[in-house]
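Take a look at the structure below.
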Amino acid sequence: MAIDRRREAGGGGRPLPEENGSVPGVAGGVGSAAAPPGPPPANAAGAEIQAVPVPPPPPAAACSPLLLDYDGSVLPFLGGLGGGYQRTLVLLTWVPALFIGFSKFSDSFLLDQPDFWCREADGQGNWSGSLAPGHANRSGNGSIFPPPPGLPTPPGVNASECDCHEWHYRIRAGLVQNVVSKWDLVCDSAWKVHIAKFSLLVGLIFGHLITGCIADWVGRRPVLLFSVILILIFGLTVALSVNVTMFSTLRFFEGFCLAGIVLSLYALRIELCPPGHRFMITMVASFIEMAGQFLMPGLAALCRDWQVLQAVIICPFLLMLLYWVIFPESLRWLMATQQFEASKELILQFTHKNRMNTESDIKGVVPELEKEITRRPKKVCIVKVVGTRNLWKNIVVLCVNSLTGYGIHHCFAKSMMGHEAKMAITHNFYADYYTMAGIALASCLAMCPVVGFLGRRGGLLLFMILTALASLLQLGLLNCMSDSVKDKFSTAFSIVGMFSSHAVGSLSVFFCAEITPTVIRGGGLGLVLASAGFGRLTAPIMELHNQKGYFLHHVIFACCTLLCIICILLLPESKNQNLPENIPDGEHYTRQPLLPHKKGEQPLLMTNSELKDYSGLHDSAAVSDGISENTTANGMKSM
């Protein structure tokens, strides 16, 4: 007797015949499951009918394009930067920049190589001073500084000996005692100073990479708050170090936590702003950070001791513990990752703080949000860019630009401060320190009008061309000049190179923050900031090797500048463009032509639909269908 199996969801429906007229799943005499006996069906007597497989559920409907258009729908509804609450949040991202400036430039004071000499007692207990060999000043030329007036130099000093029972130091950085003088890190122990400098930079590199990925997964706010708690623990413990090994280890973790604060604040600042204000608000934060650099000598002179200075640098982060209460999560990140329930609560908080009426929601953001509130969150990791066509290329180009800008900056600095003693401008610590800070300040001031007029890509291209010209002229043309003229031109080219290379590094980081989608902005920022850290790492590496290979180091980075000039032309222009929210948006962020198309001319760049089919990002179909008519050549919406 046959077994009649019905569809589980259809309840009494009959399976449809196939093209050849037979019923699918018929197997004579063999059934898939036992069933109570009953009358055989008229169309399949003596046969058993297998269960028809349940069809797969239909794919989930795409998210509403209105909710994914944060700059065009959500931000105008909240008032942009016109709302008082948004302005308060931007101000709160500026304040910690001063503390970050203190921490970043603390190495110049904690680990400055002082002038030193050996104090020896004669048989009658009188002290005399003798020159100590092996002193390395900031220029790394191995010169020996004389002792202060009043201490005679005994004849016959052997400059190859470092055997001394007591060293005497003259610290130039405003401190009475620093790390070098605390543990006598001179002569055979001088290499430990460079390892201590490595520690903070390596901690920053690993911190940017790891906290960037975490910020994309759990949010910007948790990364910021936990980084603040940990930097308070590790930073204050640094001041209690009992030896240089403990100091270096704790400085690594301090740098790791500092990276989390820098990255999360940078992302929050970018995601709070409308397109027309992103660059200027970021530059204000840079100026505040530079204010910390300018104030550091005065702070060191007031503290006098390196342990007190370290504690004073870290203690202001205690104020950031209040951010747990007053600073919310990034609404843009919540919307991009489809956490609509939390987004609705935050939108209501914004409207309440700004005293807004929800009836002003002309586009219907809140009703649309309530429809999608049951949607599951969709978080993305930075490794997803490997499967993209344009996005990974843009991020790699900006990482190379950042590495080159900060790496070659050290080459210009060594040329200006003196790779050889005769090329040094001055041995005054404050003159050297404020010269470097002044060039960085001038660079940031010049970036504002240049980027405002030429855009991100044009400004980056201009500064990279200046960097390449300065490095190539310094390497090639100076060999044909006399020594007196060579020194003057070398100083001039070094100042121009430091000016332009600082702008290249800073602009590369900002550019990457704009073109990286919100769902992976933390990871993208982590990559470009880590590349900048690798560039800065070349300075202690060269000092550790006593400037050996300095010329080759400069030649390699000069070649990289030429490569970067070509690659910058492949980047899109993000000025006044909406931030991409997801990976398909980032893929559509393609390069604009340098010149507008003529009438009737076929563009060489692929259209968005062709790009979508090529890259295999089929899940972006609903999003691209909803793109409005004000789409620019980048494939992104403009305000």
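In case you wondered, yes, glycine gets a Cβ from its N, Cα and C as well.
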In TrEMBL, of the candidate ranges 177-197, 198-218, the one given as transmembrane segment runs 198-218
Range from 198-218, 223-244, 250-268, 460-480, 551-571 with the greatest count of C-beta pairs under 8 A to the transmembrane segment (433-454): 460-480
Suppose I define contact as three or more CB-CB distances under 8 A, residues 6 or more apart in sequence; do the transmembrane segment (308-327) and the transmembrane segment (551-571) meet it? no
Which of 223-244, 250-268, 460-480, 519-539, 551-571 contacts the transmembrane segment (492-513) most, counting Cβ pairs under 8 Å: 460-480
